[in-house]
Each structure stands twice: as structure tokens, then as C-alpha cells.
């Protein structure tokens, strides 16, 4: 009987992303808002990358990792927002199974890479504040390259394991995903096969690349806090804290939205609330990162002034 029921099911070849609303006027408003946010995100992060590349005094470990983070945010947002804009304005809500799995793969890989990069950046701040005399010796160029490359390769490899397991699942309806992009949980729920192994491995890998970096970040900032409190002068404490306040703000926003999205019990949260938290870490967080890092950053301000002065001199 089970075999006959399986045979009567039709394997689907595309999904339908439901998006946000069926009201046309609201969709036009959402499209304009999301488009502006996307343009600000891409332009802001590109500006950070270009400023660091052309400014020699920004060629330090901290800004090297910041370039990695900005490049990641551009890729991360571009993986989701263009398709979301089509869903909102053109109502092209269908996406192939292969396209959906590909979008999830890059989403998962980049989100995990961001967790590791934030942990690496906290370690960099720990060495700079807690061991300032040894910092130039410890945080060398080759080490920075290895730390960044390891973050990227490790996360793309671990997500590939989940991706392979997902690709082996059969999806036989319904084919509607009540979301604006292809996330893991909605995908798994649409499968008509046993997904226990896939979910277990996905949970293990995601925990490894989110909780472990989070604990490392907390340990680093605990040491940083102790070191700052030991500084006798108030000016020295303020200067030391200012070097890591931007990173701490980004960590708080990023992990806060992740916790709100994935650790909140589904029984106590609506799908609309889940979409709202997802918007925070897919659109708003990448957009605010360049603002947070440049708002009180004198080095970025000086680099921007130099670039603008060179441009104005060239135009003359």
C-alpha cells in the first residue's frame, strides 16, 4: 500500500516562493524599499573594499578581515535579494529545485563564513588590545591569509555535506514555500522521504559553525573587557574600547537576529515574524555593517577624504 501511494505521487521540479503579500500596492512599496536597501548595501560594501585597497595605511589585519566581510555581504545579499525583488514586483514566484538548492547552498555557506570571520576578527582585537607588544609578530600577513581562507573553505565544505544530502531527497508536493528565499527547514518539510539523517547532520554542522565561533567571540571579549578595565586612564579605556566597539555592535546584531530566527520555538512565533527576522540578517545587517564600521572610524574618514581630494584635484 505504501509503495502504491509513493508511485502515485508526482515528483515536483520547481517550488513556489510565496513571498510577502498578494496585495499589489503593498508589493510595489516593498519593492521600492528593498531595492533601495539592496543598492545601499552593495554600494556601501564596495566603497569599504575600494577604500581599503587604495589606502596604504589601511593595509592592516583588521581592515583585511573587514574587506573579507564586506565582500561576503555583497555576495550574501546578491544571492537572495534579486530573486526576492522579482517575487515582489513581477510575481515570478517559481524557482527550480536545482536553483532553490543552489540558493540555499550559497546562503548557508556565506552565513556560516560570516560567523567564522566575526570570530577571527574578535581574535584580532583580542591580540591588539591584550597583547599589543606581540601583536605585529603574532598577527602576520600569512596568518591573516590562512585564517580568512580557512573560514571560507571550511564553511563551504561543511555546507556542501548538507547540500549533497538535500539533493538526494525527493520532493513530491506540495511545492509552496512560505518564505522569500530557500531556507533549510521549509525545504526539508516539503520532502516525502525520511529526513532525519539530513536534519541531524545539518544541525550538527550548523551548530559547529555558529555556536563555537560565538563562544570564541565571548571568550575574546571577556579578556578584552578585563584588559580595558585595567587601563588606569579614562582616555586610554575609551580609545581601547573604540577599536572594537564597531565589531561588537555587528556581532550583537548578527547573532541577535540569528537567535531570534532559529532558536525561537516555532509554536510561539508566526511565519510573518520569522520572515521579519530573516529580513534583518539578509538585508538590514549587511546594509548597516559599512555604516557601523565607518561611522566613528577615523581611519575610514581619512581615507575617504583623501580619495575625494584626489578626485577633485584630478577634475580640476
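Just so you know, glycine gets a Cβ as well, placed from its N, Cα and C.
Look at TrEMBL and you will find 28-54, 61-78, 104-123, 143-166, 201-228, 240-264, 276-295 tagged as transmembrane segment. According to TrEMBL, the domain 'G-protein coupled receptors family 1 profile' annotation covers 44-293.
Sequence-remote contacts of a segment are chain residues at least 6 beyond its ends whose Cβ falls under 8 Å from one of its Cβ atoms, and for the transmembrane segment (143-166) they are 61, 64-65, 68, 101, 104-105, 108-110, 112-113, 115-117, 120, 123, 184, 187-188, 197-198, 201-202, 205, 208-209.
Taking every listed stretch (104-123, 201-228, 276-295) in turn, the largest tally of C-beta pairs under 8 A with the transmembrane segment (28-54) is reached by 276-295. Mean pLDDT for the domain 'G-protein coupled receptors family 1 profile' (44-293) in this predicted model: 87.
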